[in-house]
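Here the structure is laid out as structure tokens; the discussion comes afterwards.
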Amino acid sequence: MVTARKVKMTVPKDIPEKWFPLVLPLKRKKQKGLNGATSKKKRTEEERKVRANDREYNEKFQYASNCIMTSKYNIVTFLPVNLFEQFQEVANTYFLFLLILQLIPQISSLSWFTTIVPLALVLSITAVKDATDDYFRHKSDSQVNNRQSQVLIRGSLQNEKWMNVRVGDIIKLENNQFVAADLLLLSSSEPHGLCYIETAELDGESNMKVRQSVSVTSELGDQNNLASFDGEVVCEPPNNKLDRFCGTLYWRDKKYTLSNQNMLLRGCVLRNTEACYGLVIFAGPDTKLMQNSGRTKFKRTSIDRLMNTLVLWIFGFLVCMGVILAVGNAVWEREVGFLFQSYLPWDPPVDNFLFSAFLSFWSYVIILNTVVPISLYVSVEVIRLGHSYFINWDQQMFCSQCNTPAEARTTTLNEELGQVEYIFSDKTGTLTQNIMSFNKCSINGQTYGEGSDPLGPQPKRLDFTPFNPLADPDFCFYDDTLLEAVKVGDTHTHKFFRLLSLCHTVMSEEKSEGELLYKAQSPDEGALVTAARNFGFVFRSRTPGTITTTEMGRSVTYTLLAILDFNNIRKRMSVIVRNPEGRICLYCKGADTVLLERLHPCNQELMNITSDHLNEYAADGLRTLALAYRDLSEDEWEAWSERHRSAAKAASCREDRLAAAYEQIEQDMVLLGATAIEDKLQEGVPETIAVLSLANIKIWVLTGDKQETAVNIGYSCKMLTDDMTEVFIISGHTVQSVRQELRRARDRMIEMSRTRDGKEEGVEGCFMGNGFREGQGDSRGGERQLQCPPPPPSNLMDNISGEFALVINGHSLAHALEADMETEFVSTACACKAVICCRVTPLQKAQVVEMIKKHKKAVTLAIGDGANDVSMIKSAHIGVGISGQEGIQAVLASDYSFSQFRFLQRLLLVHGRWSYLRMCRFLCYFFYKNFAFTMVHFWFGFYCGFSAQTVYDQYFITLYNIVYTSLPVLAMGIFDQDVPDQRSLEYPKLYEPGQLNLLFNKREFFICIAQGIYTSVVLFFVPCAILSDATQSTGVPLADYQTFAVTTATALVIVVSVQIALDTGFWTVINHVFVWGSLGLYFSIMLALQSQTLFGIFPNQFHFVGSAQSTLLQPVVWLTIALATAICIVPVLAFRFLKVDLKPQLSDTVRYTQLVRQKKRKPAGRSVGGAWRGVGSVSEGRLGARGSSRRSGYAFAHTEGFGELITSGKNMRLSSLAMATFASRHSSSWIDTLRRKKHSHTNTPPSASGESSPAPSCVSGSIPPLSNSSSVLCGSQDAPIEEETGAAPDTQTASTSSTQNPPAPALASEAADGSAQTLNAGVLTPAALRSQGGDSPGGWTISLGAVQEALLRWKGRASASNSPVKLAE
């Protein structure tokens, strides 16, 4: 069962699996019946009427057949429908319009194939992709539709294909068969009409569930009886609610209520049941499975939206150029053109200069159309597809334990992974493992399971086997005092474990004598029942009215009178049982918040003690429950039982009436104690959260758990620390109180931030707790001076310095999410480093995400593992599903999925950052090369009388974008990287340019356009100036059109090829082949197209015959090309050299660091990554208790149990060492400056105090520091990287002097030496290279002389030092 679920989790999103067509939003389609008639919905269905064994009656309603169609096309409709869909794209429609214009000879100076060839290529590639996808859909549909099913027709079972099953048919299912449609269970081979199903295909839960037929039909096991069954079902119309069904069965003048417990849904598998019969209620697209498919919201990236805007701007620019050239044509025709009328007359339709200008405008629109490249969109999709495959193939994101790879379920969001600012995470199953273990308990005021002193002798694990042969050998418990209390017969202890063995909805399967297997809907319940089992109270089996246990070796059977089931509103469950002596007792367990208030007043003292224990357990991050019982008299039971029966039979408001009945009996209970269950953190969670925080990603935890439980998990995973400046608790119950608490928190943050900033001048070396120095050079705090007037509150909140966290309860959050409170909440919460929202509903999770999207305009990512996270995942820009213990609902709704939270670090910092970098470089180069190519026509217009004459050969125009320059830019867009993946993880601040959208924005776009226009000016005017006076060696002038065209085209291809060689930061074999191969391909094709052979075959098509050969043989042409190339490229080289030299980015320093390391490190040198992995591998799931505050929590998170099922007469046959506190905040850098500019329009003077970070302290309790590297565990991004060299004294000197703002050259030389010095996120770091005047508003400043002096000193010291460079572990 588990294997089947894992297979489902790895199915690509764009290829539908048997049951989940996820891509195509399913629409009602015509369903063909046996007679070929089509079934349409002529009106909205309000209720469904189905009569058994009466196809003629049911066909009147034209219900859908059981044939599913997730495909879009067939052979006949593919071409027209696909073309229609493709021309919904504005770009394709635009180029179709251009093609039509080119067919008009009066305005077209280009052949029609210059547009139709690229357009046809783009349309063909897209059509092939769509056809391939649809082929798999057809294949999947055919496989499912042709499955065989046994249908009862005219009294006999006949094999029918699934597609031929109709509503009203009776189907026989056998063990391990899939359910063909949504069926009403009529009878079963099991007693009482029971059957067992597995719903992994529906909700991902692999544990078995039980369904039961209506009692009146459970005896219709014979085929003859079923053939004569003519009952009629009236029920709700088709819907997507998997857990609800409401209907009524009318048969023999009686009516019977139907619920979801009577239904078998399509997609389920029949298990442990020989056979059963069912009546088809919903078929095909009406089934709940199909109703739930295809609901994924379409998401677009910010680059997509920007690209659409830029394309519109480019189109406007194209129109402007056309207007300018048309005006020029009108002026030229009026002033000069009339002189040429005698031998160059106007074409027949043209009779005046205005009409000539009008035609000229459209001609230039055609010629200049390449500024809007047709291949842009298809190239973007190819690049995104490549990035998705890289994620799927990443072995470091593959979980060997569950055999689950990472999966990119969409190809449209990859680059947005590099721009995430907010992560919204579920807690249980996402940060934790959702594998529960019984850890502690409190019984009658006595606590058990206390942990021992970590420095003392470790306790021995208890061996339950001698005491209890039925004990679970995997159960772990260490406190023998509890076992002794059970052995001596302590009454309270026995009642405690008796409650745990009876109050649950677990099903038991006993494969052999004493070998019990429990099936629980919640891991919590399984852990509690297993604990009772080991302490001598063994749950063995259950029948519809009994529960059999083994108590201290003695078999006891209880009469099960009622189950008061759990739900998310009650937050508790109870059972009412009669023991063999005839006494009736109610046992209850639930959240302490709801159970303690229902206790008898005599429990007050015990309740206070137990509450303290609950707080202690929650302080350890444990999930808690309170336990209580109540003895009932026969009269009390009879009176309540009657009320319960009437509520259960109610036709309306049934759930409300049952809740009221439950509330009545669950009063005046006696407290027994409490349980504490541990849900350990997943591996690597603290490290992952810490590194993501260094990347300036804010993490919010949205959980349904109690505040104290969530807070303590926050402490365990290092979101919160005891050394934080302050943690604010928002728990108001009214709008006014919540507003006041938020404002008090905000005022407190501002006050403490100002206090911090005021100490920077006098308390330079003082450290706060958590390793954060009050006078540290945090740019956000350092740039505000106390004597300056304070900025407006919004700007002030954006510049808060200090470590703050916010915890808000669900009822407070409901007020905070109101329209007039959103701004208050956002401004306060977003100034905090961590935010935890407790007791939130799935809807509130989505509302929080939408609120941040609305107010912060930031890219959001939601990650979760359960069905309650689906709304949050769909609301966020990016949804990530964890394939964990709670099924695959979150995975099915997600854009990306993997099995461990720690893989999120690599997804964002490596794949996301690379995807963003590659896409930005691709777009910049793409627009550059097209403007360089197209604008040459614009300049040529001033020399050709604005006659719309092209510069290039028409074949060059056709092939430029699809052959000559397409492959190199694709290779760069797919394979390029600035730093290796390990460096991306070591230096999280490399991620910040994506958050600030620095690499491709409107400014970068205009820079690319300006460079392209500059290149076009050079490519046109340099050859024009040289060739106008140049001659061949024979004296023949070179100033002819064809020579000029070949020279300009050749120079263009060479320039753009050299430019992409400069832009490529990571060379592969493919890059070399594509770049230099495209250049060689250009010359080959040009020589072929201008050869005598083709001219002889097509004399009217190839006009440039012999031009290439004659032109390229002239030395002056090559000198012209070389000069034009130099003029285009040299300024770019000079600018980039000076930029790296004077104002380097962090990626530049990281590359330089890597270069220094590679030169100095021996092959056996150990990498930082090794130290990182070594530390992460020993992480523990939960930290010990902190003696700070008392907190409590509860652990009861599953959905409704089997209570109603059991009591309705069902025979239940299935009897790391945690990471140390981070030491220093990020120093001010160019990133921080830009971030401040993003949040504030006011410029404040920078701080003159030293801002470089000292070596981190890395102290957290008694835990020793793991590393001083900012890239590994304990430092901030600007902390020094320690390397072992022979210059140990320099290590201390450099580390100490870095706090005193030493001269830049000295620091640079220390960095270049590779010793343990302030190598601040690289060698030439912001802190090390910052001038004494402070950080410049734009970034780093250093003189060229300082760099030269640093390099000279490094060379001198390198020759004197022979020790290998190793990173500190």
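We number each residue from 1, going along the chain as drawn.
Including glycine, each Cβ sits where the backbone N, Cα and C put it.
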Ranges in play 266-299, 708-741, 1184-1217, 1286-1319, with TrEMBL marking region 'Disordered' at 1286-1319
Drop a 10 Å sphere on every Cβ of the binding-site residues Arg623, Arg839 and tell me which sphere holds the fewest other Cβ atoms.
-> Arg839
Neighbourhood of Asp869 (Mg(2+) binding site) by C-beta distance under 8 A, where only residues 6 or more apart in the same chain count | Asp426, Thr430, Pro842, Lys845, Ala862, Ile863, Gly881, Ala890
Which range out of 352-378, 1005-1028, 1043-1062, 1074-1097, 1117-1138 gives the transmembrane segment (955-975) the most CB pairs under 8 Å?
-> 1074-1097
Determine the minimum-neighbour residue: among Thr428, Phe566, Gly704, Asn868, listed as binding-site residues, which Cβ has the fewest other Cβ atoms within 10 angstroms?
-> Gly704
Might you confirm whether the transmembrane segment (1117-1138) is in contact with the transmembrane segment (922-943), defined here as three or more C-beta pairs under 8 A between residues 6 or more apart in sequence?
-> no
Checking 310-332, 1005-1028, 1117-1138 against the transmembrane segment (1043-1062) for Cβ pairs under 8 Å, the most are found for 1117-1138
Would you mind giving the whole-number mean pLDDT across the domain 'P-type ATPase C-terminal' (891-1144)?
-> 90
Row Asp865 (Mg(2+) binding site), column other C-beta within 10 angstroms, all chains, value 32
Rounded to an integer, what is the Cα-Cα distance in Å between Gly704 (ATP binding site) and Thr428 (Mg(2+) binding site)?
-> 9
Asp426, Lys427, Thr428, Glu525, Phe566, Lys589, Arg623, Thr703, Gly704, Asp705, Arg839, Lys845, Asn868, Asp869 bind ATP per the record; greatest CA separation between any two, in Å, is 27
Where else in the chain does the transmembrane segment (310-332) make close Cβ contacts, counting only residues six or more beyond its ends and a cut-off under 8 Å?
-> 90-91, 94, 353-354, 356-358, 360-362, 364-365, 368-369, 371-372, 376, 927, 938, 941-942, 945-948, 1002, 1005
